[in-house]
Amino acid sequence: MAEKTKELVESWSFLDTVESNFRPLVVIELAKGTKEETIEWFTKRIMDKKANGDDNHNFLTMAECQYIIKHELENLRAKDEKMIPGYPQAKLYPGKSIVRRLLTSGILVQIFPLHDREELKKLRHSWYGRVKVGYQPLDDIRCYFGETIALYFGFLEYFTFALIPMAVIGIPYYVFAWEDYDKYVMFATFNLLWSTVILEVWKRICAILTYRWGTLLMKRQFEEPRPGFHGVLGINPVTGREEPVYSSIKRQLRIYLVSLPFVCLCLYFSLYVMMIYFDLEQWALDYHKENESNFSSLMLYVPSIIYAVVIEVMNRIYRYAAEFLTSWENHRLESSYQNHLILKVLVFNFLNCFASLFYIAFVLFDMKLLRQSLATLLITSQILNQFAESLLPYWLQKRYNRRMKKRMCSQKTDMDLSLADQVNMEKEMGTYLGTFDDYLELFLQFGYVSLFSCVYPLAAVFAVLNNITEIYSDALKMCRVYKRPFAEPTANIGVWQLAFETMSVISVVTNCILIGMSPQVDALFPDSKMDLVLTVALVEHLLLAIKFIMAFVIPDKPRDIQMKLARLEFESLEALKQQVRELDCFTENFCFNK
């Protein structure tokens, strides 16, 4: 290990000889022993790309410059090359991503942006350096990490505050109506309005943030092909640029003949595991009846805990399979890739996490078991996620950093890390894989609260406590555990907005059925159950109508933002008219003089 560390330090030793004001933006690590002709060829392709660009480093932030570099590297495409120089086995064809081929061939190890140590220190202090009651520095997060990550933390903060009313109302329900399920009618009714209003208000907050950051009107019509997209090099009929072309028919065949059957098979397996869980529940109940003791009482929770762990494991394994399938489908745009991936993952996670709760509520009609299962699934999943996503990576990274600093300081008298030391430390950090898992965790949490919290009112309380720690743990892992991710501009939280809205619609149906099942409502229809069913269906349709009316009436953008956008459009049209008038005047004078 000591020899390896020495090699790492020596491999970056040239960085110590450059000017003190030199600040590299992005690190490209090649495999040890990469051939010189390969390095020269790759460097030339990068420099050719740079020669065609503009030097705006004084105008852009460091995160924006790093994003541009990543964009240019990902769009390096092979033209006439048949292979990577020096590696005949690494074949190339027109339109193939050069960086992706280097990565898959093992020649290129990784590409990552460097942290700015001074800026990161300031951000850490204002973000999580001290315990305080207040808002996160979203503008500073955006400047350092980009709009996508800043919007996630903005949504996490907003969602935590939005859960507080549900938590405050849930506490007295838990204390005074623990076994009296008649009283959850009002709680379920409030749940319906809450789940609709918070999502509509978030749209307005999101519009305010992205307008301030300048990404509200960001268009996706001319999005570049994603790095993993491959096909024959052709001409885009809209832009006139050279880019890979792939048949949409082939993509549809892959989706419907391979991906869809695989997803259905995974859903069937999930339901099969669920039935095994209910067999375990019945075994635990029979054991408790035969041997009533404290141990047998604890055994009642064991099946739910085991099932919660199995759910988390299945979700993570399926995630890898979904990523492989979505990449194999060969989507042209990154947005299309993300939409198909999120759809696959959400369908499976929804069934895997909530199928047992629906079965208990609407097939077994066992509200006590529903409450127990919901509490166990929610709390166990939160503990596992906190451990797997934050605590374990932080402990491993801190342990590695301590060993690295000890070795480096034993060789140097200067305690401050040099640029070479910084590169060597950051290259061994974990890679942040994006906000997908973070949004997914919030989506499932929103489902637990909005679907069945009337049965277990403390669900919102545990969600608030989890999210408070999530804010600090996620901030910690962004600044201390993972490499600095590339910034990504965005106008909103994307398809996750639709996912949360879909969950809120499902919550309307679920809560209406739960209300109809309550003894309090059932007593109003002693003679005809059909009247009860029709009444519940009518109320459910009315509530859905009110929900959609509220979504239509509440503007997605505040009035002042709408006025600013309208004025911006007006000024753009006036500037265009002025240019047309100047061009006409120039043409007339030119013709007259001639």
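For all residues, glycine too, the Cβ spot is worked out from N, Cα and C.
Feature annotation from TrEMBL assigns domain 'Anoctamin transmembrane' to 141-567.
According to TrEMBL, the transmembrane segment annotation covers 158-178 (among others). With a cut-off of 8 Å between Cβ atoms, the residues of this chain six or more beyond the transmembrane segment (158-178) that come close are 184, 187, 190-191, 194, 198, 201-202, 205, 442, 446, 449, 453, 457-461, 463-464, 467-468, 471.
Summarising the annotation, TrEMBL assigns transmembrane segment to 184-202 (among others).
Taken from TrEMBL, the feature transmembrane segment applies to 255-278 (among others). Within the chain, the transmembrane segment (255-278) has long-range Cβ neighbours (under 8 A, six or more residues past its boundaries) at 303-304, 306-307, 310, 314, 318, 321, 325-326, 328-329, 340, 344, 347-348, 351-352, 355-356, 359.
Feature annotation from TrEMBL assigns transmembrane segment to 298-318 (among others). For the transmembrane segment (298-318), the list of distant contacts is 266, 270, 273-274, 277, 280-281, 283-285, 287-288, 345, 348-349, 352-353, 356, 372-373, 376-377, 380-381, 384-385: same-chain residues at least six beyond its ends, Cβ to Cβ under 8 Å.
Nonlocal intrachain contacts for the transmembrane segment (341-362), taken as residues 6+ away from its ends with a CB within less than 8 angstroms of a stretch CB, comprise 259, 263, 266-267, 270-271, 274, 277-278, 307, 311, 314-315, 318-319, 322-323, 325-326, 369-370, 373-374, 377, 381, 436, 440, 443-444, 447, 451-452, 455, 495-496, 499, 510, 513-514, 517. Marked as transmembrane segment by TrEMBL: 341-362 (among others).
Per TrEMBL, transmembrane segment is recorded for 442-465 (among others).
For the transmembrane segment (532-554), the residues of the chain that approach it from at least six positions outside its boundaries are 192, 196-197, 200-201, 203-204, 501, 504-505, 508-509, 512-513, 515-516, 521-522, 524-525, judged by C-beta separation under 8 angstroms. Under the heading transmembrane segment, TrEMBL lists 532-554 (among others).
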